[in-house]
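K.L.:
Pasting a structure below so you can have a look.
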Amino acid sequence: MEVFYYLVFGAMAAVVAALELSKTNKDRINTSSSFNSFKNNYLVVFSIMMAGDWLQGPYVYYLYSTYGFGKGDIGQLFIAGFGSSMLFGTIVGSLADKHIVPRKSKLSFQDRNFEQQWLSLTFSKAVFLGNGLVAILSGLFGNLLVDTFSFGPVAPFDAAACFLAIGMAIILTTWSENFGDPSDSKDLLTQFKVAAIAIASGRFKFSIKYLCFLAISNTVYGVFSDEKIALLGAIQSLFEASMYTFVFLWTPALSPNDEEIPHGFVFATFMLASMLGSSLAARLMARSSLRVENYMQIVFLVSAASLLLPITTSVLVTPSNVKGEGLSLTCCIQLLGFCVFEACVGIFWPSIMKMRSQYIPEEARSTIMNFFRVPLNIFVCIVLYNVDAFPITIMFGMCSIFLFVASILQRRLMVISEKPKAEEWSPMKERNSEVDPLNL
């Protein structure tokens, strides 16, 4: 493997380590031994299950290509996942609003007499382990299986199945069933009602817009009077559309002539860059003088510039049509740009969660955001279905435009959020189960 990969990975690992080691222990929480046992059991299962997921990610495109599928065919196979998300995501999100939060916070903790703030500690460690450390180790382990041991691109999927089976065994032997809160009588239709009214009017009052919403199958008529929610949903949809398209594009971008690249190692490098972004986000949000709405404008502009690199390099450097032995200069520059984009992804997630906690009611948060993912998934499906009709640089250009538009909308959100408003959402706690886990 080329030295360049090690240099990029090592440099980012050093920066992340320095950021993590520089954190103070002033926010350390003293917990009981029974809670530590409960927390560690959950974290072990969560990390194992996430390993099963992360092992597969770097090799999906590569596996399909080894079976002889072309870029267009692979794009259509990817549509299955996004189509499923579009069809079932909204329903699952509303079920999460009803069941997941109460089950974790009310029953799993209160029944054991655990303090509510310990829930935030658990989620914080889960994010750090499952979405950070485990993702990096999974990429390295997948690279070990495929490139070092030469087990082939199927090996990470076999390993993932083993991890998932181990996690299931631990759950069956150590977890007790949780049947939810019987006092919560909200059904699925009620959850849609809350979400529709929140989007359409910004207040919890029954309106004719809700009736229209039901009649046209989850499509909201009229202009959204709560502009903050509309802007936030549009911002997240634009960014996620670019991010999901990038998930498909990075493999052919780094191997335009079917060069052999260490997919697992590259993925681990991306995840390390994302962890770097998360660490930076924690420090940015800790500064009371700096608002999330302010710095996210810059983040979106930087991410837009990073995805313009494939276009820039194709203009400045003459692309080669000959299969090389390693990364070309163009691909090296693109890899650095992709790492910058992944760092922006790491900043984006905790920051968007912070803004969602401020502008969207918690009891319908998942449902509302999943409404906005419907056009997102439709767009991604259209792009992937027609992936052969456009050069890869055109698709990166579209992603960059989306991110630039997201920056403009973020600017608008910052402006209107600074204006006093007579009617706001009912006060929500600043520290809740969605925000606290972000203080890694």
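For all residues, glycine too, the Cβ spot is worked out from N, Cα and C.
Annotated transmembrane segment per TrEMBL: 6-22, 42-62, 74-97, 118-142, 154-175, 229-253, 265-286, 298-320, 326-349, 370-386, 392-409, in sequence order.
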K.L.:
Would you say the transmembrane segment (392-409) and the transmembrane segment (229-253) are touching, if the rule is that at least three C-beta pairs must lie under 8 angstroms and be 6 or more residues apart?
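P.N.:
With 3 or more qualifying Cβ pairs, these stretches touch.
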K.L.:
Below 8 angstroms Cβ to Cβ, which residues of this chain, lying six or more residues outside the transmembrane segment (42-62), approach it?
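P.N.:
Same-chain contacts beyond the flanks: 74, 78, 122, 125-126, 129-131, 134-135, 137-139, 141-143, 146, 153, 156-157, 159-161, 163-164, 166-167, 170-171, 175, 247-248, 251-252, 263-264, 266-267, 271.
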K.L.:
Establish whether the number of Cβ pairs under 8 Å between the transmembrane segment (326-349) and the transmembrane segment (298-320) reaches at least three, counting only pairs separated by 6 or more residues.
P.N.:
yes
K.L.:
Counting only residues 6+ away from its ends, which parts of the chain sit with a Cβ under 8 Å from the transmembrane segment (154-175)?
P.N.:
41, 44-45, 48-49, 51-53, 55-56, 58-59, 63, 141-142, 145-146, 264
K.L.:
Under a Cβ pair cut-off of under 8 Å, which of the recorded stretches 6-22, 265-286, 298-320, 392-409 contacts the transmembrane segment (118-142) most often?
P.N.:
265-286
K.L.:
Please report, as numbers and ranges, the same-chain residues at least 6 past the borders of the transmembrane segment (392-409) whose CB is under 8 Å from any CB of it.
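P.N.:
The answer is 231, 234-235, 238-239, 241-242, 245-246, 249, 252-253, 256, 297, 300-301, 303-305, 307-308, 310-311, 314, 383.
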